[in-house]
Structure formats: structure tokens, C-alpha cells
Protein chains: 4
Amino acid sequence: MCGVFGAFSASGNPVLEEVYLGLYALQHRGQESAGVAWIDGENQIRTIKGQGLVHLALNQAELSGIPASSAIGHVRYSTAGGSGLSNVQPLAANYCRGPVAIAHNGNISNASGVRRYLENRGAIFQSTTDTEVILHLMAHQPHKTELDALVDSLRKLKGAFSLAVALKDRLVAARDPWGFRPLALGKRDDVYYISSESCALDLVGAEMIRELDPGEILVIDTDGLHSLRIPVEPRRRYLCSFEFVYFARPDSLIAGQSVYQVRKELGRRLARRSPCSGNCATGMPDSGTIAAMGYAEESGLAYEKAIVRNRYSGRTFIEPTQRVRELGVRKKLNPIRELIKGQSLAVVDDSIVRGTTSRKMVELLRNYGASEIHMRISSPPVRFPCYYGIDTPTREELAAARSNEEALCAEIGADSLAYLTETDLVEAIGLPACEVCTACFSGSYMEDGEKYEELDI
Amino acid sequence: MCGVFGAFSASGNPVLEEVYLGLYALQHRGQESAGVAWIDGENQIRTIKGQGLVHLALNQAELSGIPASSAIGHVRYSTAGGSGLSNVQPLAANYCRGPVAIAHNGNISNASGVRRYLENRGAIFQSTTDTEVILHLMAHQPHKTELDALVDSLRKLKGAFSLAVALKDRLVAARDPWGFRPLALGKRDDVYYISSESCALDLVGAEMIRELDPGEILVIDTDGLHSLRIPVEPRRRYLCSFEFVYFARPDSLIAGQSVYQVRKELGRRLARRSPCSGNCATGMPDSGTIAAMGYAEESGLAYEKAIVRNRYSGRTFIEPTQRVRELGVRKKLNPIRELIKGQSLAVVDDSIVRGTTSRKMVELLRNYGASEIHMRISSPPVRFPCYYGIDTPTREELAAARSNEEALCAEIGADSLAYLTETDLVEAIGLPACEVCTACFSGSYMEDGEKYEELDI
Amino acid sequence: MCGVFGAFSASGNPVLEEVYLGLYALQHRGQESAGVAWIDGENQIRTIKGQGLVHLALNQAELSGIPASSAIGHVRYSTAGGSGLSNVQPLAANYCRGPVAIAHNGNISNASGVRRYLENRGAIFQSTTDTEVILHLMAHQPHKTELDALVDSLRKLKGAFSLAVALKDRLVAARDPWGFRPLALGKRDDVYYISSESCALDLVGAEMIRELDPGEILVIDTDGLHSLRIPVEPRRRYLCSFEFVYFARPDSLIAGQSVYQVRKELGRRLARRSPCSGNCATGMPDSGTIAAMGYAEESGLAYEKAIVRNRYSGRTFIEPTQRVRELGVRKKLNPIRELIKGQSLAVVDDSIVRGTTSRKMVELLRNYGASEIHMRISSPPVRFPCYYGIDTPTREELAAARSNEEALCAEIGADSLAYLTETDLVEAIGLPACEVCTACFSGSYMEDGEKYEELDI
Amino acid sequence: MCGVFGAFSASGNPVLEEVYLGLYALQHRGQESAGVAWIDGENQIRTIKGQGLVHLALNQAELSGIPASSAIGHVRYSTAGGSGLSNVQPLAANYCRGPVAIAHNGNISNASGVRRYLENRGAIFQSTTDTEVILHLMAHQPHKTELDALVDSLRKLKGAFSLAVALKDRLVAARDPWGFRPLALGKRDDVYYISSESCALDLVGAEMIRELDPGEILVIDTDGLHSLRIPVEPRRRYLCSFEFVYFARPDSLIAGQSVYQVRKELGRRLARRSPCSGNCATGMPDSGTIAAMGYAEESGLAYEKAIVRNRYSGRTFIEPTQRVRELGVRKKLNPIRELIKGQSLAVVDDSIVRGTTSRKMVELLRNYGASEIHMRISSPPVRFPCYYGIDTPTREELAAARSNEEALCAEIGADSLAYLTETDLVEAIGLPACEVCTACFSGSYMEDGEKYEELDI
């Protein structure tokens, strides 16, 4: 998964520190690398990129001293292309019409075919990311203005893309016609911001104006905002439901819905559909916490934060050696023995992917003396890989793809296991079913299950 | 504040990776620097130290490859001495009797006088930490065995010290006679562990055997455990109450009490003593969360996680430039607008130190549309600096030292403000009042308020 | 200026350490950056590059552990394109036919036009080097084999290029039809080497087989050597005379001539043409040393190493601050007072470029008590910039372009100044005049003085 | 071996950049590490140290911005104590009288005993260098002024020490009573300099005033120069003859003698004593070059620079892997084939230590076609280790200690081998024999061969 952020000051104020802060607020969307890009006074692209968390990859003090009034940024967790430095975004190029830099959230599902097409016309690719095809599509239309080349490039793409694009004197935001990934527009004083999530607008003190429409291309320059459309008419929308279940921050608004409130509603519906006989409800931190609160509220169980999360973990914890691993170290999560012993627990999590974490936690809770353990999952079973930007494992590795509920319950060792239904999920989100992507639960892909289709450029 | 950890394998297994993991679990006790020390096969002290969080300061893979069967570690937040690299612990020295390394949690209150005494007898100090006096006291007793020199050095010290000491073929743990800071002993298979908090024993899969007694010196060698006492008879004990209020992790046990349950009880007592008319209760993340749950439970208010904490913050966020700061960025904490608007809120925090954070949060909540804001603090007013290892500001900077409750309520802009009483605090901890240090609330210091006294060595 | 090196082991032995050693021997040809490239077992290009001297830019131990049996390397002093990391060679690309990496010594004089042509056909350039046009020319001929695409790309280029090219399973060496820069072929056991200078073949213990012909493309694969020709018929050759005067190492052979012996002959001819009345001859270290020995031998003057060069200088010495500079520090060269005082000196240097060094040295020698100073230059006056790979300043900065000999002698403060003639230079080299480039002395460029000409691709 | 440098500006000008430049000029005396130290405005010692060459270990730009008007510096090649960072000089300490920093060239031969004595009185040593005893000796005399403590510490030491010492408001230079290592005083405008060699005074544009006397302690403060004496009366002097043979730079003056001219005279005397039938004389670069010129001059042989030294080598070349080493790479030195083939050569070197270099060079010259090879050494055989600061191997490794001349000639494969006599060496230096140390040739040590003697403090 990834996050993009952009800022444009019409009156020429420096914005790179705000892009840094925006990326910091979007850190949960990608911890593998971070980068920023802008076009300097001599019309040259400048990029600063690094591996790891934002504060390690980038230097706030350095950025705050750079006089760029328009800039974009990106946090990355690799989904397409490997994790090498050449794949760290924003990607940038000087082509014959000038400089361009792109930050991309999503996954272009026909990128592979487009790349082959372009390479046979002389293109040399520098990265293995899907994003780079946009730069080469633009470069192969040298007779068009940069903006026309960009629009005509985006119409050749399928799949998910929310983009922040830096051109000379302009910042461009774009969202694919299917509306997979969110993208919001904010403003504070003379500065416009674009952000994958509204929480990052809060961080920089901006008001959210609105979210971009699917298929919208929004151009920001010193004259203000100009809106274009990608000339593709999709049959329906595919807003990612997993953003609500797990990915987005609870203080973000997506499609007008509060992620926190959706998540709590998921817990309430789960309690109605799958009650249990426990003494108290607790959540797997942090992703199951809010649904657990909804579950407790609806079911009348006591709510306890019975599992503590080391708040310094994250991507910072490498696997211990075999010898130490066998000791059963509690890397990230540690239950509180006094709250577990002799209790019957409802343990709420947002999803089960490989099943490993659930199995280990159940074992640990039993060791700590839990009498019963009821696993409650605030989404349907994840049975299908995502081709639109979320890093899911292959189908063989997905626990729910290889086992039914009963078998999986036995596998993880719980006393009971229950999921939410797809209908409950869509209703909790509050949008028509034809606007929400549930492909990872249902297998109903935009392209009807085909990952790559014929190239039509 | 600081944290110490030690491990000793009687059968010669390597333990440095476990020390790394232990420090990782104690990360909340010090984010400024981290280090480990051991004595190698040639009787040489080896130390690895670095700035910043454990995973940045130390390299887990490197440590896992080192064949040390006895080692100590330290995480530091500087309280005495500056933050330079020479002050990063463990401190180590080769003196005429051999190698010794020390990791120290606490603050030696007569260190300054001891240091002057030693310098006039030829000692050259390498750091500005209080800890270093222990090394020089040992070196000035060359006729005694290392262990005797250590014991006779500790008897000359006042104040707080929980120590992990590496000697040749021995690991020594020690706790000052007043019992300021916690120190626990654990075991797994052939390995003994000492740790500032029991949560780190959980991480490495060890069972907690017991806590060290105040004044105990515990020697671990291949023969097992041997217990000595520092020959000082204190009039009473001074276990730090602020460990329960704020510092320790909720999944730790201190003096046999669950920190989580003490913290929740603080919230309940606060609700009984200072109820309010709000719609819902929320905590300042993360330190006020558990007390807020207790407050909600006792008062019958709904509990909501209405303020989101960026889980990637920590010590990673440097102050933005003045221009950006004025924008009012939500660095670490962001309220969820949908849960705030039009609500009357009880906001629970563990303490008010300078008052800045509270004032900013109240202002932010008002901007987000809160109708009433009732601040509830789960400890008494912090009016006095700590001389025993907690980094409190000077008295002038302490909000409760310069304003009474009414004035402070106005200063932070809340509709009401209420604190817990000292009696409630001590009762919630569940120990006799004569065993708990409440100096930061009451000013009742071990030395009756004198920071440094006459040297008696 | 730059240097290239390549190695190919027919029996699959690793060669990267030998490429490292080769670059080390070619260090004098470029101290700004260094890099190596090879194609790994999965048909992926791998490059390692760095700034500064070879031993800083690359890690010998790391290279020795990589199992590449064919590899190229490059040392760079930027002449075309800036000094940024994107310009460090070897340049590499994956194009539709596969991977290719290029190391280039020389300067392609029509690169600018070719680049514009390619950008208008969709090419995105990643660097500002002239070398990159070769990669894009190849990528725009996707229907041809890699080797055909390379040959047909080189025929479109003018100017100087000695290349080492890594293709899958093949190492290719190429030399421009005009023969500007040297390129030698060596062999040891199963390994073929290509090198800018023969001294690097000595370092790796290889025998020099022969030099490449101008216009030759030499393909090395497991079947051995295959020779092709660039289908361009030049009117004459242009072997760079400045390689003999200054650039090449004295232990190299170029066009069959010993650089040491040519340089000594330059000194002898200079003595015959411009004798002087001094007591002893000395050289400006290190470039004037050998010619000074020839001058002393022919003129009968005593030879002394009267000026000492700090052997740790090089590119390591940054300019001191203004205050310190005014003190007249002897950064690189220090005369020996006892050998200077009261002496009449013939000071031999290879050339005068800006004149600054000569002026400072004359002043310093006078301060040390020299009675007379006769500057003797072992080449003709440098009056014209080089467009073929040597980093000369603009014409305005060239001392001999703005002053005649008499004026220049006054400017540098010498008692007399004399140069060698072009005829003497060519005769000392021992090749026909129509094979030697003397453009920097005579202004007779290959393109008759035009830097860039019409593009004919 | 090591080098020291110090600078003191009476009018408060910053001097650290000049110390940097001074160390740069002394680089040949130590390439392992470098450091500087000064006492700042708050009476705190500041040190900057690093591994490797001066320009890598220190940052000239950083130093030039520091307002220190008195500072010392050091370049190190470890002779006593290992090469760890704790041993990098200057060593510094804050003791009860204040700050002190020391840079030391030489080797204190009774350091081991002094250290044991001090440790038994409570001293904790931080390094394994002999130099640190001076700091602890001072700290154990807390009742004396710093200067008195320094003088009374130096009188307890035996062996070689040329020191630069930074005290508050004072720079102190000192030279041991035996005068082993050189130490010169210079001046430019308001700044006094002390330097191991006079060549570094040239670099900073200073005039040499004089050399320090053996046993002199020179105090430099704002009042000017004050001279004290170490109250020890040595029976004779021991100026190191190897400084003239090999170590010092040719442009330095030691004991009033030009190193260049002494070195040339060594070559002349070698030619008179051991002529040979060769065609030409050449030197092993760089150490044998000047003696080779003297040899050629006296013998009438032609002088050629027939062996080329890669001027980028130095400490930068790590050993290649076994496989590559067997290829016989010419790491540092490459003969010029055209000058070797069929020639009978006199090859002059300054000394033979282990014999390996000579053996390899003889083999290489034979491979290049030399008809006869006559090794001529411009010093007597090195048969004894140095205890006074030069890094010689153990006696077993010294070629001349295990073989006589005839056997050694056979071992290195030369046609003849001849050394200079000790008498010739002393006469060429031009000092009385009772003032020159020839212990490495003769075994006549200051302490009659005992490395460590009874402690008399």
C-alpha cells in the first residue's frame, strides 16, 4: 500500500516541510520508503528519497530550508516492483517537454502489457514499478502539451491509481475512473493540499474541501483549481472496502464516512450476528480495537485493553534467530496476565490473513490461563488476492482460501470463530453495493478475475 | 528515566540477542540512547552503544552472532549528565582488579560530592553521569575483591539506583536500600534475567521469579543465585508512585501489583471523587487511556477513543519551523471530529506537567466543536521536581507549582479541572503510605528536600 | 578524462576484483568517481558506483565475493555532463533486447544533437552524459540484435570514444574510427582484459596482446575474440598527443611507444632547442620529472629533485579559507630550501594551462633564494580547448591563448620561458603527423573547429 | 610512528585549520588515524578524531569554523597500544585541576610499570596507549599547578617523547631528555607553531625559529615563550638515525641537517664503498630515490626512474584474495619494461626489513628481462627492534636478524647485495656518534637492551 501527498502555494511559500508532515500522517500507508519531489527554479526535477520510516528517509530540517512552492511526496509499501531504491517514489523524468514527477497509490493492472508495448518502441525503463509506464506514455506523445499527454496516458490504464503529479508551475491530482483509492483536497490560506487520507489534512491544519471524483484530473496552478476528466466511462465504481476495515486511519473520512464510526458499526453488527458467552471483549491491537469497543457496547460485555502493544514496534523489529524464536518471544503484543486468567474472552480482530498471528495469540492466551477464547472478525473471510494496491499474499497462503471456518477455527485453536458478512460490511460502510470493491472477499474483480488483459493502446 | 536488563546463561548459551529484546520491551523507559556490555573470553569489556531507539542504536543481527553468555543492557533518557555519547550506558572500566560494566536506573543524589572527593584523590572522570562514581569508588579500593569493592561502594551512595553489573563470570543486580525503582528477576531454562520491569521478562518468554528487595545485591554465577545486602538501614521505603501513574508499561507487575489494574482503579476513584456531566469519556493517548476506561466504567459515561495518536511518532518528530508551527499542526494527537462535535467530554490524562499539551488539546477540541470539556487527572498535582530519576522540569516550569487548580483550569481553558488525591493514589497502589514515594506531589523527599548533602565517605 | 577496464573469463572465474585492481592502476585518469557493472545470473545488470577515489568508491572485499565472470569498470573525471551520481559510469539499461552497460573514455562531439533527436522520439534520459545516447540509440533499434544495434549506433557518433560494453555473455571493446584515446587488449590464462592503458594490464599480471585498431569493435565471448569494424572511413587518425605529454602513466605503452621514453626525449629535444645557463635542472612533480631528467641529461646540468610533492595530496585537499590561503600555504609542492638558495634553476614542466601554478612556484622559489629561474615546457603552448575528453578550461582562461611567450614569461615572473615545438613533439612520439591529434596546440580539430555539427542520423 | 603539531595565536585568531594543514604535511608519519584537541571558551576539552588519512578522519571545513586560538593535533601509526578508537590521540582528560590534552610522538619505555603503579592507587585507564600514564601521573598530583604536575610527571618517564600539550590558555611542547624524536618551533605573525618536522612549518607559511632542545619544556602563552627543563640528566643523546634514512620528509631539517642532502650523501658513500658493474642506477620509490641519485652521481651510472609507483596507493590498498595474489599483481610498484630489458641494474633502497618487498621486486625485474640486479642499501642491516616509536617487527621477522648478507642476497635472489656501514651513516648525518641512536642497527639501547625496567616513581 502507499500514500501520496501534494502541496501548492499560490503565493510562493515553501511547502516541503508540510509535505513532510503530510507523509508523516500517512506513515501507516507505507513504511518501506519515502520520498519527495519538486521542480526547482531552473526547471530541474529534484528528488530526495530514502529507505524506512519518513523521519529516517527524509530530513525535516533540510526540507524546511528548500524554497519549493509546489511539491509532492510518497510513502511506499511495495506491491508492484521490488523494494530497491530505483523503485522508491516519486518517480521523475526529464522528457522533451520538460520535467515531470509522479507519486502513485494503487496498482495499474495492465502495466505489464503497456510496458512491453513501449519497450518495443525504444523505451528504457529504469524501475520495475507499474508507475513508470505513465512517464513513458507521456514521453511518446512529444507533440502534445504535458497536460494533454498526461490525460491521454491515463486513459490507457486499467486498475487503481490515485496520483500526485508535479509539472512545471502546476500540481496535478488524478484518480482512476473506478475510484479504488481515496484522494482528498484541502486548503489552508494560500495553499492547496492533496492527500490520500483526510487525517493528513488535519495534521497540517488544513480544511478538507472535498474528495476527488473517480476519473477526475484536478489541476492546481496560480489561477486556482481546474477540473478535467479521464475520458473513460466505467460501468461501476470500486471503492476499496478494506480501507474501512483495516487500512485507513480512524480519524479519516472516506466517501464522506467516518472510518472510526464505520469500524465501530462493524463491531456492533458482528455482536448482533455472532454473540458469544465471554466475560469481556478485547481487540487485537491496534487494528481490532475499535471494532472490539463496538462489539462490547452491543453485546454488553466489559471492554478491556487486555493485550498490550509495544508502541515502538512497527517495521523496526527483525525476526530473532531460530533459537530465540523458539522461546516464544512476544514481539509486538503482550497480554496482561491478570486480565486473562480464568476469563472467557471475545477477541476481535479486523481480519485473518495467513492465520499465524491468530494462532499464536490464542496459544499465548491459553498459556496465560484464559478459559475460553472466541475469535470475532469484523470483515468477511479474505479469500482472494488484491490486484489494486493492497499487499495480500498468494491464494495458497490465505488461510480462508484453504480452510473453511470450522477448519480454520480448529487450526487457530479457538473455541469459536465468526466472521461478518459481506452485506453487513457494505451496509456499515453506507454506500450502494455497486460502488464498493469487495474483490478480496468475493473474487469479483473489475476485470472479472483476469489480472492482465489485452493492451489497447 | 532509564531501563536496565541483564541475562546470564549458566550453560554458556549466547544471551546478547535476548538483552536486545529485553531493551526493546523497556524502550518506553528511555529513547535517547541504548547500549549493551559484556566481558569477552579474553577478559576484556566490550560495549556497543548508539544514539536513538534500540533498533537504531544497536544491530540485532550483529548481537545475535556474539558468543557472550552474560551481558547487560541499558536504555537511557538523560536525567543526570548531558546526552553526549560518553554518557551513554553501560559505563565500563578496566581497573586493577579487572573489568566491570554498569547499567543504572535512578539518580544518585550525593554523586556530586562523591565525585569531588574522588577527583582530589587522582580520579579522572570520563563522563558527567552520576553512575561513574561507582566505578571510581571501586577502583579506589584495590585491596578488596571486586564484589566487596562493589558492596562497599554502594553503601556510600544515597538516592535511587537499580543496577545491572557485569563482572568476570558473574552478573550482579542491585537495588538501593530505599527501593525507589523496580527491579525484577526472571528465569527461563538455564538463563536468569534481571529487568527494570516484568514486561521485558514476558517478551523473552521468561517466568518472573520475584522482585529484588530494597537493599538487595543479587549475584548470579554458574552456581546459581547468592544474595547479599547493602549494609544501610533506611528509615522507610520510597517506591516511586509515578511508575504506576505514568511510567511503567500496563502489562508490568510492580511490588506485586498489576500496573493496568492500578491505573484503572485510579480512574474509578477519580470518577467517584470528581464526576462530571459529560456525554462520554476519552483518554489522552496513550497515557490516559486506561484511567479513562476506569472513569467511564465507574461514571457510566460512554467510552470512546476520540483522540487518535499517530503510532509512528515518539521521539521521531522534531519541532517544525515557526511558520509551520503557527499553522497548528497536530503532531501526535488528532481528535476525531465526528466524535467531538456538540459533545460534552470528560478528558482523562495521567498528569499535567507544563500544561502546554492540555492547553493545546482543549483549544483543538473546542475548534472541533466540543460543547464542554472536563479535564480529569488520575494523580495529584505535580508540584515538585524528582531527584530520583524522573526527568521533571524545574519548579518554575511545573504548571501546578505556579498556579492553583482554579487558575490552571482557566489557563488551559477547560470547563472544569479535577485531580486525584494523594490518599486515593496510595490506596489504589495498595501499599502502606510509608513505602511509597510521593515526593513529586508532596515534596516529602528522602533527604527532606535537600538535593545534595555532606559527603560521608 | 576517464579510464575504462574490462575482464572476461572464458572458464567462469570471478573477475570483479581484477576490474577493481585495473581501475586502481588507472586512477590517474579520473579521481572523481568510480564504478563497475556486470550482468548477473538472472540476466540483471548490477552496478556498484561511488564518489571519489577507487578505494573509497568501491569495496574490494565486497567485489571479490561476487561471482561475475565478465565485468566492466570506469574511473571518471567529468568532462561532459556534471558530476552528479546519475552521471557516474558505467551507465546501464535494460532495454527490450536485454541488459547493457557501458564505460566510456572520450567525448562524443555530436551527442547534443543526437540526444535532441532521440527525445523527440520518446526517449527519457537519466543522466546528462554524452555516453547515454549510445544506450538510447540501441533501444531505438529493437529489431536488431544487441551487437548489430551497438555497431549501428556507434556509426552515428563523432568524436572520441574508447568503450567497454557488457552484454549478456559477451564483453565488447570499441574504439572510435579516429583513434583518439588508447585501448589495449591483454590476457592471462583464461581471462581477457581491456584497458585504457597497458599499465593496468601489468598490475593484474596480464600480457598485453595488442592495442585495438581505430574503428575496431572487439567481441569477447567463450569462443574467444571476434573483430568487427565501425563502418566509417575517416580521412586521418587523431591519436591524442597529450596522453604522451601529461596524461598517461610513464609505464604505459601507447601506439607501441613507451610513454617514459617519449617523455624523456621531449626533455632532451627541449634542452637542444632551448638551453639555459642554470646550475641544475629540476622538474615540477610529478608531471615534469621525466622530461627534467631528459633535459638535465642532454644539457649536462645536475638533476635534483628540488621540489617535494606531498604524496598524500591529490584530490584530497580542499581549498583553505581565504585567511589561511593568504598565508601562502604549500599545499602540494614544497621546494627544498638548501637546494634552491643561490642557485640558477631550469624548472621543467609538461605544460602551462592557467599559469597560476607556475606563477606561484616561481614566487616561492625566489622567496627561497633562487638567483635565476628558467621555465622550460616540454610541449607547445596550449591555446585551444579539447573537445575529445580532456578537461581544459575555456579559451579565456588558457594562459597561452591570452598572452604570447614574452608576456607570459613576465606574468609568471621567470627569467626565461621556452616551449617545445609541435614538430619536436610529433617526432618524439614517433608517429606520422597525420596520425596525431595536436588540436589543443594547433586548433586543427577533426571537425575543423566546429564543436557540434548537423545530425545525420 | 606518529606526528604532532600545535598552534597558538596570541591575538586570538582561530588556528584549527592550520593544525589540520600541519597534520596534512606530517601525514607520512602516521596514516592510521588523526585527531585534534583544544580547550573551548567554557574550559571544556573538545576533541575530533577519526580513522584513516587526515582528510578522511577530519573535516577541514568544520575545523576552519571553530574559534580556537590554541590547539594540538596528532597523526598516528600505532606502536604501543592497539589501533582502536580509544587509542586515537590527542588523549584528553578533565582532572581536578582542569582540562588537559596530549599528543605524543615516541614510545615511553617504562609505561607498563608506571601504569601498574597508578592502577594500584585507583586509576582507571581508558586506553592501552603508553601516553595515558602522563594524564594519570598529573591527576595524582592534585596539589600542584598543572604545569608543575606535568614537569614532575615527565621526569618519571624513560624513552622517547616529543609532546604537544594543550592546557587552559597555554600550549606546551616538550621533548624527552634523550632527544629521540625531532620537534621544531616556528612562527608566523602572531602564531607560534610546534611540529614534529619542519616541512609542516613550510606548509603553513611559518619560519622555523629553532628546534627544541632535548629535555626542554617550552610553554607558549599570551606573554610569549617560556622555557623549562625536565630535571633529568641523561648520559648522552639518542637522536633517531632512521628519521634521516627513511622516516622524515626530504624537505625537513633535523638537528640542522637537510634530510635530502643526508640521504643523497648516504647514496654517494654507498657508491664509494660498494660500487657495481651496472648500466644504470634506480631507486625503490619513493624511499630509495634520493639515495639512488647520489649513488648514480658518485658512480657515474645513468640514473633512471625505472620503477613507477602508483601515487594513489598508500594505506588504501588492501591485500587481494589468495587467487588474485597468486597472479603476481603489481600493487604499488611497476617497473618500466623498456628500461629493464637486458640491463644490469643497481637498485637502491633505504633498508630491508622483512625482505619480502625486495624479493618480489627482484623476481619481477628478472621477469622483465634484467640481466643483473645489484641491491644497494643506504643504511646498515636492521637487526634489532625499536623501542622508541618506530614500528619494527619482532626480531624473528627481521630479515637481517635471521640471515647474514650472503644468505639474504640468495634469499632475495639478487646478484649482489651491499649495505652501508654504521660509521658512514653517522658521518653522513654529521653529528657526533654519541648523539645518534643506532639501536635498530647496533642493538645499543638507551637502557642496554631492557625493554622495561624497575619503576622508580
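From the backbone N, Cα and C atoms, a Cβ is placed for every residue, glycine too.
Per TrEMBL, the feature active site, nucleophile maps to D:CYS2.
Marked as [4Fe-4S] cluster binding site by TrEMBL: D:CYS240, D:CYS386, D:CYS437, D:CYS440. Of all Cβ atoms in the protein chains displayed, 27 besides its own lie within 10 Å of the Cβ of D:CYS240 ([4Fe-4S] cluster binding site).
Secondary structure at D:SER287 (Mg(2+) binding site), taken from DSSP and collapsed to helix, strand or coil, is coil. What TrEMBL records for D:SER287, D:ASP349, D:ASP350 is Mg(2+) binding site.
Positions annotated as domain 'Glutamine amidotransferase type-2' by TrEMBL: D:2-223.
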Worksheet item: C-alpha of D:SER287 (Mg(2+) binding site) to C-alpha of D:CYS386 ([4Fe-4S] cluster binding site): distance in Å?
Response: 19
Worksheet, complete the sentence: D:CYS386 ([4Fe-4S] cluster binding site) falls, by three-state DSSP, under coil
Discussion item. On a simple 10 Å Cβ count over all chains shown, which one of the binding-site residues D:CYS437, D:CYS440 is most densely packed?
Written reply: D:CYS440
Response to the item:
Counting only residues outside D:SER287, D:ASP349, D:ASP350 in the same chain, those with C-beta within 8 angstroms of the Mg(2+) site's C-beta centroid are D:VAL245, D:TYR246, D:GLY283, D:MET284, D:GLY288, D:ALA291, D:VAL348, D:SER351, D:ILE377, D:SER378
Fill in: Between D:CYS437 ([4Fe-4S] cluster binding site) and D:CYS2 (active site, nucleophile), the C-alpha gap once rounded to whole angstrom
18
Worksheet, complete the sentence: Across all protein chains shown, the recorded positions D:CYS2, D:CYS386 give the max Cβ-within-10 Å count at D:CYS2
Item to complete: Pop the Cα-Cα gap between D:ASP350 (Mg(2+) binding site) and D:CYS440 ([4Fe-4S] cluster binding site) into the table, whole Å please.
Response: 14
Practice prompt. List, in sequence order, the residues of the same chain other than D:CYS240, D:CYS386, D:CYS437, D:CYS440 whose Cβ lies within 8 Å of the centroid of the Cβ atoms of the recorded [4Fe-4S] cluster site.
Written response: D:PHE180, D:TYR238, D:SER241, D:PHE242, D:TYR388, D:GLY389, D:ILE390, D:THR438, D:ALA439
Worksheet item: Over the domain 'Glutamine amidotransferase type-2' (D:2-223), what is the model's average pLDDT?
Response: 94
Worksheet, complete the sentence: For D:ASP349 (Mg(2+) binding site), the nonlocal same-chain Cβ neighbours (under 8 Å, six or more residues apart) come out as D:GLY283, D:MET284, D:SER287, D:GLY288, D:SER358, D:MET375, D:ARG376, D:ILE377, D:SER378
Worksheet item: About how far apart, in whole Å, are the alpha carbons (Cα) of D:CYS2 (active site, nucleophile) and D:CYS240 ([4Fe-4S] cluster binding site)?
Response: 14
Worksheet entry | DSSP three-state assignment for D:CYS437 ([4Fe-4S] cluster binding site) | strand
Fill in: Cβ packing number for D:SER287 (Mg(2+) binding site), 10 Å threshold
19
Worksheet item: Using Cα coordinates, what distance in whole Å links D:CYS386 ([4Fe-4S] cluster binding site) and D:ASP350 (Mg(2+) binding site)?
Response: 17
Discussion item. Give me the CA-CA distance between D:CYS240 ([4Fe-4S] cluster binding site) and D:ASP350 (Mg(2+) binding site), in Å, as a whole number.
Written reply: 15
Discussion item. For a quick check of packing: other C-beta atoms within 10 Å of the C-beta of D:ASP350 (Mg(2+) binding site), how many?
Written reply: 26
